[in-house]
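K.L.:
What Swiss-Prot records for this protein is below:
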{"type": "ACT_SITE", "residues": "167", "note": "active site"}
{"type": "BINDING", "residues": "123, 166, 170", "note": "Fe cation binding site"}
C-alpha cells in the first residue's frame, strides 16, 4: 500500500526527469503499480483512511512521484453532491467524474483557449503553497492505454482536463508551478476560463 512516505518531494531529481514509456503488453508489475496508485487516491479521499494513514487528499498521482521513471498515472476525481431546495446534499448518481489508470498518456491535441483552477493548484510532491494561476489548455484530447492494454482516446475539459495535464506533466519532468507567471501570478490571460 502506498503511503505519504513513498511520495518523493520537490528537489528529488526524478521529478525533473522524463519518464519512459511502459512496455506493451503491460507487465503484471505495471498493472499492480497502477492499481496501487489508484488505491492510494481512494484512501486519500476517504476521511477515515486518510486520517489513519496520515494522507493528504489527492485527485492524481504519477509514477515519477514514487521515484519511478514510468509513464503511469492514476486519476480519481469525485463528483460533487447536488443540493436540493431545502439545502440537503443529494449524493451524486455516479461517485466519480473520472476514475482511470493511464499508461503512456499523451496530449495529442488541445484547444487554443487556456484555463486555470480558481485557487491555483497543489501537488502531493510539493509541501508548500505556490500561489498563482497554473495556465493550462481548457480542452485536451489524450491518448493512452488502459490496464487491459487497450488504446484509448478521450476528450477532456474543465477540471478533468487540468488534472490529467498536471499528471502528464509529471511524466515529462514538469512541475505545476512552471506554468505560473511569476511576474504576475494571478494574471488572467485574454479568454482564459477560471475553473471552480
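Here the Cβ of each residue, glycine as well, is placed from N, Cα and C on the backbone.
If you look at the structure here, what lies around each of the features I listed?
P.N.:
In sequence order, 60, 61, 62, 73, 74, 75, 102, 105 are the residues near residue 167 (active site), counting only same-chain partners six or more apart with C-beta under 8 A.
All protein chains considered, the CB of residue 170 (Fe cation binding site) has 23 other CB atoms within 10 Å. The DSSP secondary structure for residue 170 (Fe cation binding site) is helix.
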K.L.:
Counting every protein chain present, what is the number of Cβ atoms, excluding its own, within 10 Å of the Cβ of residue 123 (Fe cation binding site)?
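P.N.:
Neighbour count, Cβ to Cβ under the 10 Å cut-off: 26.
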K.L.:
Around the C-beta of residue 166 (Fe cation binding site), how many further C-beta atoms are within 10 angstroms, looking at every protein chain?
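P.N.:
Residue 166 (Fe cation binding site) is surrounded by 24 other Cβ atoms within 10 Å.
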